Amino acid sequence: MKKQFLNYYEILSQVWFNKYTIILVLMTIKIYLFTNSILSNLTNFKAYTESICTSLDTYSTVIASLPEQLSKVINHMVASTLNSMKMQSLKMLMTIITIIKSLIVFYIDIFLGTYICILTAAIGGTVDFALDSTQSVLKSVNETIISVSEDIQDGLNGLSKVINTLLSGVDKVKSFFTNQDTDSTEYVDKVNLSIKALQNIKIPNSVLTDIDNFKDKVPDFNELQNTSKLVSKPFEIITQELNESAHFKNITVDQLKLASTPPVNFCSNSLDIDKFYSNLAKKVQFTSNIIIIVLLIMAMFAIASLVVVEYFKWRKSQRMINEILADKNQESYFVSTRNIMNKYNSSLIYYIEKFVTIPPSRKDNLYWLLSYITTPYSLTVLIIGLAGLFTVMLQFIILQIILKSFKSLTTELTGFKTQIITLMDNATSSYIKETNSYIGSQQKSINDELFGNIRTASTSVNSTINDFLMKMNTTINSVFANTPFSKPVNTLVYCTIGRKLIKIEQGLTWIVENLSVSLPQLPKNLTEDFMTNYSKDNHGIHKLTDNVTSGITFLLDTYKKSLLIELYISSAILGIWILQIIIGLTLIWYRSSSNCKARKPEKIQGEPTIGNPKPLTTEQRKEYGYPHIDPFNEKVDASSSIYSL
């Protein structure tokens, strides 16, 4: 009889397309297609990123030029403000200079002229009064002296005779004692001369001439009247210098510096898109190749493993036949044969039986449950579910590599905003610093050139006023120093002129010490305010970077959704296999309940006998999976593959 089964070597010819290898090959194909899809999308997204990058650079350049554009507007405002303020200050200052000069000159002229007239009139009237009084006094004195001298002369003439007689006697007595002659007429002459001198006493008319001449010596202050010209001269000089000063020419916008526009090519220079996507594609391709190689190795390993498995299954089939033949005389031959076949058909039960000791009370239910969940149908569901989960995991690994790389790209794109803000902040700060420095130099020039001249003029006027006061005092003292008019005149001049001039001098001194201008400068927080407003309003750059990040997110989300669908499907398939466990446990519970009912004693009618089971036909053996030959009547060929089922 020819054999109708496959031997071991014939079975090996079909091992290479076993279900495990086929699943691994399908997983490899899935990974390959997934990788190609990602690489294709990366190529498309590379072009999109380059387009966005170009737009980002263009927009960033426009944004970075905002400080320069802003500085142009500010420069116009600063130049216009400085020019207007300088011209208005110049006009106001020249007006003030003219007013001050005119007031000082007017004040000096009006008081000096007024009080020269007052002094001249007062002194002239006083001199005239003194002259008239002196003339009357002189006339009266002269007449009195002449009258008195004549009366005295008459008395002296009589007295002279007596004295002369007496003197003659005295001379004689003296001559008697001294033997010298004495001339007594000497004394008479002296007496007569004294009377003549008294007669000649007369207040000269030159006194009247001196008093009259004193009136002509009243100071006219002609030298002091030149003070007006001296006071006016510094003001005229400063007016001329201000008109000729170059610092008061109009400031042009070109003289002010503009905020620099930094070159902004972050995306083009800092971000090498070609290199990024090339490296990313290499990473994806490398990871995919590794996964595919591993899967192919696993497929080859599955083939090799099944070769070994088939070998052991062939050996187990021979042992199974031997055990069946050994149990052919047992009463439970049918159940025992099926248990033996089940043990050898299930590798899991076979090795548990071989290496694990299980209580007999639980062995049947455990082996039955293992047989139920490891049938070819259940194992197919389990393998497909696990293979699906494993495939999803591998695809997630590839996707995670892309996600990690894109995070660095997104970080760089997001960092562009910070870099642009930093550049704009530096440019704006530098511009504000330079502009404030220029305004400070203009302020110094105005204080030095404009108010410096004012201070010079004030000092000169102060000096002139001091000279004026000194000359005025000198002039007055030269005339009235030793006269009764000295103190009143000095008091009058001080109260009317000197006091006012001292106040003017104090005012000019205050101007010298306090005259300065402080120009307003650009606020330092202008940069902070500008950058704060920019950060709130820079939707453009946000939109561009968000387009890239949203595109990346959309791409990754699409693949994630696809993988999640695969994950759900694989989990559902695996859940079906887990459901088999629940069904198996339910069937065990149901079978245990049925067995308990079957064990209940029933009333037996008649004498119990044990019947002989009816042998199965050939068709029934084939239907139930038993050997379709009778092992008791025919010789069994143990090389049949039927026992490997």
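For all residues, glycine too, the Cβ spot is worked out from N, Cα and C.
Taken from Swiss-Prot, the feature compositional bias 'Basic and acidic residues' applies to 624-637.
Per Swiss-Prot, N-linked glycosylation site is recorded for N142 (among others).
The feature N-linked glycosylation site is assigned by Swiss-Prot to N192 (among others).
Sequence annotations record features per position, and here Swiss-Prot assigns N-linked glycosylation site to N226 (among others).
What Swiss-Prot lists as N-linked glycosylation site is N250 (among others).
DSSP assigns N426 (N-linked glycosylation site) to a helical segment in the three-state reduction. Among the features that Swiss-Prot reports, N-linked glycosylation site is placed at N426 (among others).
The N-linked glycosylation site feature in Swiss-Prot is assigned to N462 (among others).
Secondary structure from DSSP puts N473 (N-linked glycosylation site) in a helix. Per Swiss-Prot, the feature N-linked glycosylation site maps to N473 (among others); the stated evidence is sequence analysis.
The N-linked glycosylation site feature in Swiss-Prot is assigned to N514 (among others); the stated evidence is sequence analysis.
As annotated by Swiss-Prot, N-linked glycosylation site applies to N525 (among others), with the evidence given as sequence analysis.
The annotation N-linked glycosylation site is assigned in Swiss-Prot to N533 (among others).
Under the heading N-linked glycosylation site, Swiss-Prot lists N547 (among others), citing sequence analysis as support.
Annotated region 'Disordered' per Swiss-Prot: 624-645, in sequence order.
Annotation comment: Swiss-Prot describes 1-21 (among others) as topological domain 'Extracellular', evidence class similarity to another entry.
Residues of the topological domain 'Cytoplasmic' (43-102) grouped by DSSP class, helix first, strand second and coil last, total 59 helix, 0 strand, 1 coil. Per Swiss-Prot, topological domain 'Cytoplasmic' is recorded for 43-102 (among others).
Annotated topological domain 'Extracellular' per Swiss-Prot: 124-289 (among others), in sequence order.
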Considering only the recorded stretches 290-310, 379-399, 569-589, state which has the highest number of Cβ pairs under 8 Å to the transmembrane segment (22-42). 379-399
Do you know offhand how many angstrom separate N473 (N-linked glycosylation site) and N426 (N-linked glycosylation site) by C-alpha? 67
Cβ neighbour count (within 10 Å, all chains shown) around N473 (N-linked glycosylation site): 14
What else in the chain is close to the transmembrane segment (569-589), if you only count residues 6 or more beyond its ends and a Cβ gap under 8 Å? 365, 368-369, 372-373, 378, 381-382, 384-389, 391-392
Beyond a gap of at least 6 residues from its ends, the CB atoms lying under 8 Å from the transmembrane segment (379-399) belong to 19-20, 23-24, 26-27, 30-31, 34-35, 38, 284, 287-288, 291, 556, 559-560, 563, 566-567, 569-571, 573-577, 580
